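According to TrEMBL, the feature region 'Disordered' maps to 1-43, 430-456. According to TrEMBL, the domain 'Acyltransferase 3' annotation covers 46-382. Residues or ranges marked as transmembrane segment in TrEMBL: 49-65, 71-89, 110-129, 179-201, 208-228, 248-264, 271-290, 296-317, 338-356, 362-381, 402-420. The domain 'SGNH' feature in TrEMBL is assigned to 487-713.
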Amino acid sequence: MDAAQGRTPAIVRYQPQEGGETMSDPRRYRPGTETPAPSKPHYRPEVQGLRAFAVLMVVTYHVWLGRVSGGVDVFLLISAFLLTSSFAYKVSAGKPIGLLRYWLHRFKSLLPAAVVVLLAVLLATAALLPRTRWGEVFEQTWSTLFYTQNWTLARESVDYYAENHGAASPLQHFWSLSIQGQVFILWPLIIGAAALVWKLLRKARPQLGFGSVLAVAFGLVFIGSLTYSIHITSTSQSWAYFDTGARLWEFALGSLLAVLLPHIGQLPMAVRVALGWAGLLAMLSCGILLQVQQQFPGYIALWPTLSAAAIITAGRTGHPFGVDRLLAARPLTRLGDLSYALYLWHWPILVIYLSVNRLNEPDFLGGLGVIGLSLGLAWATTKGVETPFHGWRWPTLRRRRLGLIVGLLVGMVAMPLSGWQARVAADETAAQSQPKLDNPGAASLTPGYEPTGDPEAMVRPLATQLSGEWANYGGECGQGYELTDPVMEFCQMGGDPQTADQTIIVLGDSHAQHWTSALDQAAQKNNWAWVLINRNACRFGAEDPSRDAECNEFNEVATDYVLNHEADAVLTLGTLTQAYGSTDERTPADEETVVPGYEEGIRPFLEQGKQVIAMRDTPRFGLGVPECVDLNGPDSEQCQVPRDELIAADSPLDDLHAEAMRGELPGDLGFLDMTSELCPDGICRPVIGNVLVYLDKSHLTKTYARSTSEVFERRLKSALDW
């Protein structure tokens, strides 16, 4: 999805300094130069119409289709085209570039509408979103303010194409604004450097045009960035999508268009008319014809950007059948005026609407409502905020005043955000300081347990602390247990295998990993060492067509790793649960099965003499457990599910257990089931002993997992006969 492609200044009126929208005139030449001299930029209404189509593509695809439209790529190209046109004219006319003034003026223009939307999102987050979402909004608000949102999303490997928009960040779409902010700093530096080179070269070649130097500079950026983009998209597309370096070529293409347009603009009228319509049709068809989710922003992004370039090249034909006649129509230019604000508003409104109504996507009428509200707020923001700011001359008279305004705009968000975060931090500190008796967790399930803690104590962990609740107790693998193959993504170890009495290798996915919180505590008591070999969403077993190729490869490599390292036992997950309600007609037995290829997968370990533990999988809820608790309370029946609706009444491992008991397996296979600690009395509960059990739909909080350590230790020892 192009969702969240951030506000591009191309969505707003571009102002070289204080001027209006601009474009180079392709018909103006200066005699005696190698390239036509950049002309004084002037307003072209068809560009506003192009923006209108681009923002409609983005909004429509986000609301109803959930696919990449290419609209944001169009905005990126236009913004660089306008910026380069303006600066190229200034340099050629001998005017100073004024870098600091430009930067201050640019951010003074960009921030007002963004600040309004950020403040609205913060208010909506506090009022309408569960506390589990607060930390994400906090972090991304700071990233948005300082134009680093794209890097934040890249680090978090955000799935930009996730089907459930309601679970997305309401600020996710600011990523492209961040890239544009970075380019608005970088591009004038490149142009300034090119201007210095031009002045030096002109001493030897007086007829050398500035456009020639710019063409070389941006040509190098285009080639280098596109090459990198194609490579990184093929190897790490989720990172590439947000990577500034993988996007620079789109800006460079717009800059090259600005430099070369005087040449390519000299085309016959019939060609320009055909080129304009071909460009518009190609731009609109990009998201329809191509399944590009996993291919952007590599070479596939040439489709929308070259389409937009064709429209700009066609220019103002004045022909009755020219595409500019449509694009310059008043309704489209009016919508183009609103395009920046519309882009800013539509995504948070969509996300909050879906989140409040617990929907993955809107129906047709719901989508119309989202778009209608977005248009209304965009109009109000443009007329009430952007236009007055653009016309306010007082800040533009002094650089200090511009700096003051930019600082005040940032402070309007930074101050309330800092205060809110401080309050949340105080609550977290108070929760952490509660006595252990207030949050006994699984210890409260011990027969005869009498609660002695404060009945009003806060549930731990707080919803705002869940990002720190992933099991992560071990250190980096070493002492001969280092990973040797890149397909093995993750390795942690606890204790020292050289001095430990026993060593356990934990093999599997994140559902194996979350039990290392309990294992680590048991290991410290018993002088055990443990090593975790993990690949997310990859349950261990022999090669099976139900797994993807990477998972099968991981399991093959992991098998060799275990066979070639000392270990007394191998802990694996023997069953696979499915989310409650994941099929229309289901029985619990259908929703929990033995892991495909499990018996064949563990057989080499048994044959080598290693003990193997087959552990039962964790029940999976069909709802976000922390969100349910936050909205309904820790004791709400809405957040509780009968055990037999989440997991099979009889373990699917029973047949394998019977084989082991009959001695039909080549070694020592034990079994471990912790379901009773998750679903006491036949009910799977979100909170046990005043501790939140799950950090999402299926992963345990490390706080609760550690509270099960005594039971885990006892059952593990029994299974291993240690």
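Glycine too: its Cβ is placed from the backbone N, Cα and C atoms.
TrEMBL does not curate its annotations; it predicts them automatically.
Looking at which of 49-65, 208-228, 271-290, 296-317, 338-356 has the most CB pairs under 8 Å to the transmembrane segment (110-129), the answer is the stretch 338-356. Contact counts against the transmembrane segment (248-264), taken as Cβ pairs under 8 Å, peak for 179-201 among the stretches 179-201, 271-290, 338-356, 362-381. The stretch from 71-89, 208-228, 296-317, 338-356, 402-420 with the most CB pairs below 8 A to the transmembrane segment (362-381) is 338-356. Here the transmembrane segment (271-290) touches the transmembrane segment (49-65). Their Cβ atoms form 3 or more pairs under 8 Å, with each pair 6 or more residues apart. Long-range Cβ contacts of the transmembrane segment (296-317) within its own chain (Cβ-Cβ under 8 Å, at least 6 residues beyond either end) map to 2, 23, 26, 44, 46-47, 50, 54, 68-71, 73-74, 76-78, 81, 226, 229-230, 233-234, 237, 240-241, 246-247, 250, 253-254, 257, 261, 264-265, 267, 269, 272-273, 275-276, 278-280, 282-283, 286, 290, 323-325, 327-328.
Three or more CB pairs closer than 8 A are found between the transmembrane segment (208-228) and the transmembrane segment (71-89), so contact between the two stretches is assigned (pairs 6 or more residues apart). Stretch with the most C-beta contacts under 8 angstroms to the transmembrane segment (49-65), considering only 71-89, 179-201, 402-420: 71-89.
At the 8 Å Cβ threshold, with sequence separation of at least 6, the transmembrane segment (179-201) comes into contact with the transmembrane segment (71-89) through 3 or more pairs. Residues of the same chain lying 6 or more positions beyond the ends of the region 'Disordered' (430-456) and with a Cβ under 8 Å from any Cβ of it are 462, 465, 676-677, 680, 688-691, 703-704, 706-708, 710-711.
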